[in-house]
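A.B. asks: Below are the features I grabbed from TrEMBL:
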type    : residues                          : note
BINDING : Tyr237, 250-254, 290-297, 387-389 : FAD binding site
DOMAIN  : 4-138                             : domain 'Photolyase/cryptochrome alpha/beta'
SITE    : Trp321                            : site 'Electron transfer via tryptophanyl radical'
SITE    : Trp374                            : site 'Electron transfer via tryptophanyl radical'
SITE    : Trp397                            : site 'Electron transfer via tryptophanyl radical'
Amino acid sequence: MKYSRVIVWFRNDLRVLDQETLYKAIQQSQEVVPVYCFDPRMFEKTELGFPKTGIHRMDFLLESVKSLRESLQKLGADLVILKGKPEEKVLELAEEIGCKAIFYSKEATSEELTVDKSLEKAAFTKGIACESFWQSTLYHIDDLPFPIKQTPEVFTQFRKEVEKQCKIRSTFPAPKKINYSGEAVIPNPGELPNLQTYGLEKPKQDAKSWLEIKGGEVSALGRLQSYFWEKDLLKVYKETRNGLIGMDYSSKFSPWLALGCISPRTVYEEVKRYEQERKKNDSTYWLIFELIWRDYFRFIAKKHGDKIFHINGIRNQEDSWRRDKAQFQRWVEGLTGVPFVDANMRELKATGFMSNRGRQNVASFLVNDLGIDWTWGAAYFESQLIDYDVCSNWGNWMYVGGVGNDPRENRYFNILRQAKNYDRNGDYIRLWLPELKPIKGFDIHQPWELSTVQLRALKIQLGHTYPQPMVKIPSLEKAY
Ligand SMILES: Cc1cc2nc3c(=O)[nH]c(=O)nc-3n(C[C@H](O)[C@H](O)[C@H](O)COP(=O)(O)OP(=O)(O)OC[C@H]3O[C@@H](n4cnc5c(N)ncnc54)[C@H](O)[C@@H]3O)c2cc1C
Ligand SMILES: Nc1ncnc2c1ncn2[C@@H]1O[C@H](COP(=O)(O)OP(=O)(O)OP(=O)(O)O)[C@@H](O)[C@H]1O
């Protein structure tokens, strides 16, 4: 035993299974004190006027922390809740209860790394050790076949190299018991905050009611069980993954992966078991392929640092973006006059979730059709998405914004063609744009083509209940 008492500071790793930080802390100490700290900087308003963590993401986070506390209580411990800057609060607690070490997971981006550095520096002066563990990716950073600064810029090259040369490490088992003295050491482990604490109100509709997504490890493992084993959907994932409606077209693992309620290695091991016990095909591989995209964006963020947040991106592209707040707001509200864009934006606003197909299209519309600053789009997604993952979000936005490392030059999406391919009958539009509901078939995607007589017959007034498109929309036949 190296330490008598260790703090495990939980961050985006809100689980007990495949939790190396917790596992190592238990191995190396007589007693573990689990801690979560709500950092007020994560809940401030951004320059664009919306909070950095919006209501849906906050709600999902609160559920996930609550679930972690319950899991830890079942293991004989608790979760101490702190509020304030972690680099101060966690350290204060360590001193107060005589901890000689703080264990936590390593992050990849500067906001988090700055916190780590201050904590480490302050802890050092007090003789408290800090030990951190990399555990957010499928491939471990130490197993990469290249130094991080030489991570291949192009995804396919990255994927081929890691697939050929790296082994995915096994998961760590969940602990059976945690030694924790409880009240004797921590008389009051602290109340969980709620939405009101942050001046937020419970959303009217949320992804959890619409998509059956609840924060926490228990729900994450439940989703794994239902998507793979009960509904048996993994074997058709590649064919369904571009869908738009409901729970089953894709795995929906992303919100849980983002907060670390489940690890990518746990998903990987379950895919392997499914391949052995049920079926192995392109679809089962494709889920792993997508998880490698997730890894790739994390390692690219590590390689390029703050460039992923900068307007010029990692390509150092010239800043020629428009910054029209009124137009941006119409995009945010789902009032651009382009149904495929608006339906997706309204789903995001109402639930905190949007399909991958939707994200590609609304992002392309913002940057290519409106020419608006891609970082505004990324910041809005950061606020809204329940699956917000700093590297996947900013990395994907850089791609769409043409400032990332995409070998393809033009990522323009022809909205009508996309609509035709993925929502031919307009069912998705009917779900989110009630004002257009009476329009039948594909016409719902281009209401501007309907004559006044047709619109009157449908009792729809374009430009009043639903706006005219903000820009001219290329026809279906247009090549790009
Ligand atoms: C502009 C834009 C912003 C995005 N922001 C985020 C974000 O903040 N957080 C996030 O997790 N994903 C983000 N994505 C990627 C992708 O849209 C989501 O991961 C996916 O829609 C989540 O649904 P799912 O879990 O059902 O995905 P599935 O299709 O079931 O995929 C399984 C897993 O693979 C990973 N994955 C899939 N596609 C991608 C991708 N393009 N990039 C990185 N990882 C991927 C995710 O972890 C996902 O959970 C973004 C994509 C775009 C175009
Ligand atoms: N985890 C994170 N999530 C979201 N944004 C982050 C994260 N880590 C860093 N950033 C963003 O990266 C940027 C930090 O980069 P830097 O300090 O170089 O530029 P900046 O503050 O944007 O200044 P300037 O506008 O002058 O370029 C900040 O905008 C910060 O919000």
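Here the Cβ of each residue, glycine as well, is placed from N, Cα and C on the backbone.
In terms of burial and nearby residues, how do these features look in this structure?
C.D. replies: Under a cutoff of 8 A between CB atoms, and with a sequence separation of 6+ in the same chain, the neighbours of Tyr296 (FAD binding site) are Phe155, Phe158, Arg159, Gly395.
Regional average pLDDT for the domain 'Photolyase/cryptochrome alpha/beta' (4-138) in the model is 97.
Sequence-distant contacts of Trp321 (site 'Electron transfer via tryptophanyl radical'), defined by Cβ-Cβ distance under 8 angstroms and a gap of at least six in the same chain, are Ile311, Val367, Gly371, Ile372, Asp373, Trp374.
Residue density at Trp374 (site 'Electron transfer via tryptophanyl radical'): 25 other Cβ atoms are found within 10 A of its Cβ, drawing on all protein chains shown.
Around Trp397 (site 'Electron transfer via tryptophanyl radical'), the same-chain residues six or more apart in sequence whose CB sits under 8 Å from its CB are Ala363, Trp374, Thr375, Gly377, Ala378, Phe381, listed in sequence order.
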A.B. asks: Are any of the recorded positions Lys252, Glu290, Trp293, Trp321, Tyr388, Trp397 near ligand 1, with a Cβ under 6 Å from it, and if so which?
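C.D. replies: What lies within reach of ligand 1, judged by Cβ under 6 Å, is Lys252, Glu290, Trp293, Tyr388, Trp397.
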A.B. asks: In the domain 'Photolyase/cryptochrome alpha/beta' (4-138), how many residues does DSSP assign to helix, to strand and to coil?
C.D. replies: 60 helix, 33 strand, 42 coil
A.B. asks: When a 10 Å sphere is centred on the Cβ of Glu290 (FAD binding site), how many other Cβ atoms does it contain?
C.D. replies: 17
A.B. asks: Given the binding-site residues Tyr237, Lys252, Trp293, which one's Cβ is surrounded by the fewest other Cβ atoms within 10 Å?
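C.D. replies: If we count Cβ atoms within 10 Å for the binding-site residues Tyr237, Lys252, Trp293, the smallest count is at Trp293.
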A.B. asks: Other than its own, how many Cβ atoms are within 10 Å of the Cβ belonging to Tyr388 (FAD binding site)?
C.D. replies: 23
A.B. asks: Through the lens of DSSP with three states only, how would you label Glu290 (FAD binding site)?
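C.D. replies: Note: Glu290 (FAD binding site) is helical by DSSP.
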